[in-house]
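A short worksheet on the structure shown next.
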Amino acid sequence: MNCSAFSFWFVCKIIFFFLSFHIQISIANPRENFLKCFSKHIPNNVANPKLVYTQHDQLYMSILNSTIQNLRFISDTTPKPLVIVTPSNNSHIQATILCSKKVGLQIRTRSGGHDAEGMSYISQVPFVVVDLRNMHSIKIDVHSQTAWVEAGATLGEVYYWINEKNENLSFPGGYCPTVGVGGHFSGGGYGALMRNYGLAADNIIDAHLVNVDGKVLDRKSMGEDLFWAIRGGGGENFGIIAAWKIKLVAVPSKSTIFSVKKNMEIHGLVKLFNKWQNIAYKYDKDLVLMTHFITKNITDNHGKNKTTVHGYFSSIFHGGVDSLVDLMNKSFPELGIKKTDCKEFSWIDTTIFYSGVVNFNTANFKKEILLDRSAGKKTAFSIKLDYVKKPIPETAMVKILEKLYEEDVGAGMYVLYPYGGIMEEISESAIPFPHRAGIMYELWYTASWEKQEDNEKHINWVRSVYNFTTPYVSQNPRLAYLNYRDLDLGKTNHASPNNYTQARIWGEKYFGKNFNRLVKVKTKVDPNNFFRNEQSIPPLPPHHH
């Protein structure tokens, strides 16, 4: 080899070495690259409190775990984000998106941390969590009966501050006060006012979304297709929701509730259930009559301990005690509702009563409990949901209730929630959430437990009940609800050329005929599929546009 050839070879080797070294450094340090990029966009100064946490920070684990609502996912084996960003304004979200794109990190956006599969804070590839805890302002305009709510606010905060302004206004969101509005509203969001006003997503009139290019869009600038998609189609598919503008609704000055327990042999419970399933969805929209079933240990007349299934029938009625008792005695005398079973509450106290964070027997609760983000007991849990379109036969319901005995006492529960009311009148394509006319009720199966080592046992029980009920629920497709996300329905391999075909399997369960429109919106606004997870809407490949 002559000198010039050797020199060329040596220079090439040096260049190759440095290139390789640089590539390895950039791959090895996406966290450092992200931090450098972020600090260029958002200079760290005195006016700027700490926004970014890495695993080197003392507060990293407490911030990560603080809003993990499902204790299944607090474990050493759960994948952890390289970075947690806690933005306090839109510019911080913009910087996070641009820098994550630049260095090749995925984003998970967390509002309240209630995602049933933990997908607002878990990813199988290197990722950043955008934790919206510091973006929780609520600006209410009583005159126009609207409010701007930042996506990190909780339902409890929304209900509390609306009530502070006007006791006869509220918003039709869910029951649990610690749920964040970012995910809840963008997945649909049902609750006590659903039969009067529809879902939370039906009552959104504007939004601020930060898109894949880091631009902040409102309803006008994003256009009606994207605005349609984020109200029930999962905002995380299209960007990061920073705020919602919501339409407030009228609520009565008093409402009446009861929650009666029925402890009898299963055939007797099934008779009550059968009456319930044939009448609850037909009631006037001012009455919600829900039911749930759970096992409990009791002592029988002979002093022996035994496990029985208990049924609970619970109401929310827009009106007084006398009217409700009269209605129940005429329409459902088998329940035997008496005046002494009922309580009249203000609307805000009704909200608290059914919040799951106070004792049912406690009458002296303060509405400030709605502001407590740590209210309620956290457990590990698993949940699956079905929609029922025709009555479940009594013989089948006997067997379904008997399956509660296969689970630990008090660990498994079925909740049945009536549809009907205004839900019958809203088009299935009004927003991506399609489950409207023809749905009698939703039925969900859940298990909760304490110990990590019991995860598989309880998850498998929920799966077994879900499999058993297959013939009795909606079919072709078997419908599902995005806010009770279920990865058993299928996952999408975004590297696969068949990702649309894979996604359609679960997509049509969540969205019905609306799935294809969601795909078109995704293809238009995020063609390179930056915002993705195991169950995200895929864009069509370029040749299909």
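The backbone N, Cα and C atoms fix where each Cβ goes, glycine too.
What Swiss-Prot annotates here:
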- 1-28: signal peptide (SIGNAL)
- Cys37-Cys99: disulfide bond (DISULFID)
- Asn65: N-linked glycosylation site (CARBOHYD)
- Asn89: N-linked glycosylation site (CARBOHYD)
- 109-115, Ser120, Cys176, 180-184, Tyr190, Glu236, Ile241, 481-483: FAD binding site (BINDING)
- Asn168: N-linked glycosylation site (CARBOHYD)
- Asn297: N-linked glycosylation site (CARBOHYD)
- Asn305: N-linked glycosylation site (CARBOHYD)
- Asn329: N-linked glycosylation site (CARBOHYD)
- Asn467: N-linked glycosylation site (CARBOHYD)
- Asn499: N-linked glycosylation site (CARBOHYD)
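Between the alpha carbons (Cα) of Asn467 (N-linked glycosylation site) and Glu236 (FAD binding site) lies a span of roughly 29 Å. Ranked by CA distance from Asn329 (N-linked glycosylation site), the recorded positions Gly180, Asn305, Asn499 have Asn305 at the top as the closest.
Considering only the recorded positions Cys37, Asn65, Cys99, Asn297, Asn499, the residue whose Cα is spatially closest to the Cα of Asp115 (FAD binding site) is Asn65. Rounded to a whole number, the distance between the Cα atoms of Asn89 (N-linked glycosylation site) and Cys37 (disulfide bond) is 18 Å. In this view, the densest Cβ surroundings among the glycosylation sites Asn168, Asn499 belong to Asn499, judged by other Cβ atoms lying within 10 Å. Around the Cβ of Gly112 (FAD binding site), the same chain contributes Thr67, Gln69, Thr154, Thr178, Val179, Gly180, Val181, Gly182, Gly183, His184, each under 8 angstroms and 6 or more positions distant in sequence.
When other Cβ atoms within 10 Å of the Cβ of Asn297 (N-linked glycosylation site) are tallied across all protein chains shown, the result is 10. By a simple count of nearby Cβ atoms, those within 10 Å, the most crowded of the glycosylation sites Asn305, Asn329, Asn467 is Asn329. Checked against Asn168 (N-linked glycosylation site) by C-alpha proximity, the binding-site residues Thr109, Glu236, Leu482 yield Leu482 as the nearest. Counting every protein chain shown, 27 other Cβ atoms lie within 10 Å of the Cβ of Gly183 (FAD binding site). Remark: Asn65 (N-linked glycosylation site) has Ile74 as non-local neighbours, by Cβ distance under 8 Å and separation of at least 6 in sequence. Other Cβ atoms within 10 Å of the Cβ of Asn89 (N-linked glycosylation site), summed over all protein chains shown, number 13. Counting in whole angstrom, Leu482 (FAD binding site) lies 34 from Asn297 (N-linked glycosylation site) by their C-alpha atoms. Counting only same-chain residues at least 6 apart in sequence, those with a Cβ under 8 Å from the Cβ of Thr109 (FAD binding site) are Ser120, Val129, Val130, Leu132, Gly182, Gly183, Gly235, Glu236, Ile240, Ile241. Put simply, Asn305 is the one of the recorded positions Cys99, Asn305, Asn499 whose Cα lies nearest to the Cα of Asn297 (N-linked glycosylation site). The two recorded residues, Cys99 (disulfide bond) and Asn305 (N-linked glycosylation site), show a Cα separation of 61 Å.
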